[in-house]
Amino acid sequence: MDGKPQVEVIVNGQVVPNLDDREYRLIKLENDLEVLLVRDPETDNASAAIDVHIGSQSNPRELLGLAHFCEHLLFMGTKKYPDENEYRKYLESHNGISNAYTASNNTNYYFEVSHDALYGALDRFAQFFIDPLFLEECKDREIRAVDSEHCKNLQSDSWRFWRLYSVLSNPKSVFSKFNTGNIETLGDVPKELGLDVRQELLKFYDKYYSANIMKLVIIGREPLDVLQDWAAELFSPIKNKAVPIPKFPDPPYTDNEVRKICYVKPVKNLRRLDIVFPIPGQYHKYKCRPAEYVCHLLGHEGEGSYLAYLKSLGLATSLIAFNVSITEDADIIVVSTFLTEEGLTDYQRVIKILFEYIRLLDQTNAHKFLFEETRIMSEAQFKTRQKTPAYQYAHVVASKLQREYPRDKVLYYSSVLTEFDPKGIQEVVESLRPNNFFAILAAHSIEKGLDNKEKFYGIDYGLEDLDSQFIDSLLHIKTSSELYLPLANEFIPWSLEVEKQPVTTKLKVPNLVRNDKFVRLWHKKDDTFWVPKANVFINFISPIARRSPKVSVSTTLYTRLIEDALGEYSYPASLAGLSFSLSPSTRGIILCISGFTDKLHVLLEKVVAMMRDLKVHPQRFEILKNRLEQELKDYDALEAYHRSNHVLTWLSEPHSWSNAELREAIKDVQVGDMSDFISDLLKQNFLESLVHGNYTEEDAKNLIESAQKLIDPKPVFASQLSRKRAIIVPEGGNYIYKTVVPNKEEKNSAIMYNLQISQLDDERSGALTRLARQIMKEPTFSILRTKEQLGYIVFTLVRQVTPFINLNIFVQSERSSTYLESRIRALLDQFKSEFLEMSDEDFSKHKSSLINFMLEKHTNLKEESSMYWLRICDGFYDFTRLEKQAEIVSTITKDEFYSFFINNIHYEGENTKKISVHVVSQRCEDEVYEIPNVTIIENGNMFKESMTLSKAAFPLKPFDEIDRSLLFN
């Protein structure tokens with residue numbers, strides 16, 4: 001014996017995707033902690049995650065939110081590392097991030113860090129599960145943080161719907177409990193009961209945080225033996241308390257909770273019908289996953305489906321069907337249908353049609369064939385799965401380890417269906433009975449009967465029994481001939497082959513393979529990931545794009561009409577790993593198609609042909625126009641971040657339209673206008689395109705040529721090709737634009753503090769801006785969020801508003817927006833003094849961390865494609881921008897950086913160009929702080945017109961001067 005902690009090797013290796021070149025070893029430490037070690041010699045970042053098999057369902061009823069509070073306070077220092085910011089500072093100085101979440105049955109903690117800093121991060125991470133301090137002085141602050149997190153969800157319909165599922169459940173069930181926690185449940189209630197919340201938290205931690213119900217994943221470059229030694233050394237001290245995994249015998253729904261309908265008025269302007277079925281637990285049925293299979297059929301959107309029939313009748317626009325595991329013994333299936341006005345009026349007919357389809361499922365003998373298609377695609381997706389960022393992989397796999405999968409096939413069985421289980425499928429279908437569901441009907445027009453109020457979200461709702469005669473009619477329903485099971489899926493790929501060739505010199509950027517008056521085509525044959533997939537982007541650039549608000553909403557409506565017309569055709573493609581999206585751009589319409597190359601060309605040609613041949617059906621037009629009008633109205637209920645983001649874009653770009661302008665414009669868009677509009681939009685087009693993946697240059701040319709021929713446009717003159725420009729904020733400019741939140745129930749205000757720095761082609765300023773964000777992000781978070789408790793959402797980011805690079809600070813809070821701006825100014829004052837005191841070592845660490853981030857390799861094809869397309873769309877075509885800026889960062893001195901900060905970021909800087917967007921809650925309008933030397937923007941359009949426009953974004957080099965020798969590493 002050498003004194004090392006004992007380790008049991010459970011299994012070497014895992015069944016993995018074809019392209020997964022990592023090494024795996026599953027071990028168990030002497031304290032019963034199961035650890036999956038993953039060696040990835042190519043990873044830039046290392047990671048670890050611990051999943052604890054305890055979540056919100058284990059909260060004591062007198063301390064709701066305690067598990068979530070534990071997740072928060074756990075990070076506030078340990079005996080070995082008592083500084084509450086030590087962990088975060090270590091990660092930030094090594095290009096790291098961390099996060100955690102509390103779910104109903106588990107709590108998951110994870111981090112990512114530069115590969116060479118893994119041991120130090122593991123040491124700090126392990127201490128949270130060995131000897132956390134749960135500092136008394138942090139207690140109240142973190143209760144407020146939990147409360148702030150809850151407050152940000154108060155006006156979220158998704159959170160409110162989920163809470164209603166709980167409210168309508170069996171009151172004896174753990175599912176009925178409020179999970180998040182707030183200042184009442186963690187502050188006021190414990191005081192009233194004479195409870196010390198910190199002492200109760202210590203009891204909770206001591207009772208449940210045991211090594212035997214934890215799962216750990218470690219990903220690093222080091223050999224497995226080294227990772228194993230680190231795991232044993234650092235994590236064996238976690239105590240094993242032999243804790244049993246909690247069981248929850250009370251069912252979430254009994255006969256008392258079904259056959260009811262709940263009426264609720266949502267925050268957003270939506271019309272939604274949720275049908276919820278309690279079903280037997282599916283936890284142990286991972287080989288077939290019967291409920292998942294049944295949801296696949298209920299949520300199908302192809303020919304003969306429930307949704308297709310509803311759409312043909314003008315009753316619905318979309319739906320989603322899903323199952324949720326509530327406890328080990330109980331699941332629910334939810335069919336959530338988004339209704340038209342007619343569907344809302346006749347919602348009982350919608351329910352009847354659902355039960356017609358369920359009857360079809362009950363009578364069919366085709367499940368084996370349909371299941372086999374699903375199984376084939378799950379296998380294909382698993383075999384061709386690419387890597388994801390290390391932290392994403394670690395925390396997902398850690399939660400999967402909690403399941404009872406065979407230990408050498410944890411990754412496989414969590415992804416692939418393997419066994420057809422007709423009895424299991426029938427058991428689920430038989431649970432979808434007319435006497436075994438409850439409904440939630442939500443719409444803005446619902447006013448009467450909302451005589452119940454939910455305590456924690458303030459949801460007003462009504463509840464009544466479903467009519468017994470209606471239930472009886474569902475028991476004797478017959479299936480319409482319009483409903484039938486899915487046909488054979490023509491998009492299932494036959495070939496998953498990739499001709500993998502040795503590559504000595506990898507392509508660094510895409511190659512320009514066609515550039516004429518009709519098409520500019522960039523192509524890169526994948527030489528890194530070797531998957532049988534591709535990503536294709538086409539920007540159909542039109543001279544009339546964004547010409548007016550009416551053109552803008554008409555373009556959006558046109559893309560929606562195409563997607564709607566192709567819904568039944570394209571849905572099977574999505575099941576077979578092929579997806580497309582159409583979205584309006586500042587210059588036209590962008591088509592993105594991604595997936596297996598075997599059938600990608602078929603979908604591409606179908607979509608482009610529909611763009612050309614679309615026949616606008618008046619009923620579908622009115623339904624989709626109404627839906628878009630609802631979305632524009634829902635801007636009033638938009639989260640503060642998205643609202644401020646939209647306003648900043650509108651203020652910055654000459655052809656960006658305000659929500660009010662778009663709302664007014666859509667009123668004038670009529671079905672009779674669309675034919676001429678489509679003709680005008682497509683008459684002159686230039687196709688800017690990128691093909692990246694498992695396609696040769698010849699394949700790429702043929703793909704884009706087919707799109708061009710289908711549209712057959714006239715060329716766009718060079719003078720008609722608009723390029724991106726933005727307003728120039730004058731040096732020394734200090735502007736505030738205020739927008740009041742119309743929703744009177746919204747407690748939160750917010751500020752987007754935006755600093756316009758330089759044009760994107762100014763590489764040195766870009767490097768300095770990124771370094772500023774690197775240095776500022778941790779102190780901004782720890783000061784504004786942790787210490788000052790301004791709000792749950794606090795971040796800094798580098799933002800691109802072409803052609804400019806910007807630095808943003810965002811805070812959402814229950815305090816007023818002027819107070820938030822005053823605290824950001826105080827923060828900048830603090831930075832000003834602290835930068836002078838920063839050691840050379842700390843400055844060097846920040847530079848190294850940023851350089852590591854900027855030089856990170858892409859982890860999958862999508863990441864790489866998205867970066868190329870972003871560089872194409874910004875108009876500079878600078879595919880190596882980050883690499884060049886990384887070189888510049890290495891040369892930046894403290895003096896240069898300090899001068900840059902003082903002149904360009906501090907609010908008194910002579911070159912500082914600042915616009916802050918204030919999103920103002922009506923609940924805190926009275927709290928006003930004076931901001932000196934500021935100009936209030938009273939009228940956004942007049943402000944834009946008074947500003948000088950930037951020069952347009954142009955390629956760094958003329959296209960005919962691109963040197964092919966520079967394309968390679």
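The backbone N, Cα and C atoms fix where each Cβ goes, glycine too.
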Legend entry - Per Swiss-Prot, His68, His72 bind Zn(2+); matching candidate in Glu8, Glu136, Glu137, Glu149: Glu149
Inset, instruction - Let me know the most crowded of the binding-site residues, choosing from His68, His72 and counting other Cβ atoms within 10 Å. - result: His68
Legend entry - Cβ-based neighbourhood (8 Å from the centroid) of the Zn(2+) site, residues His68, His72, Glu149 excluded: Gly65, Phe69, Glu71, Thr102, Glu142, Ala145, Val146, His150, Thr180, Gly181
Legend entry - Inter-residue C-alpha distance, Glu149 (Zn(2+) binding site) and Glu71 (active site, proton acceptor) (nearest angstrom): 13
Inset, instruction - Tell me the Cβ neighbour count for Glu71 (active site, proton acceptor), meaning other Cβ atoms within 10 Å of its Cβ, over all protein chains shown. - result: 20
Legend entry - DSSP three-state assignment (helix, strand or coil) for His72 (Zn(2+) binding site): helix
Legend entry - For Glu149 (Zn(2+) binding site), the number of other Cβ atoms found within 10 Å of its own Cβ: 18
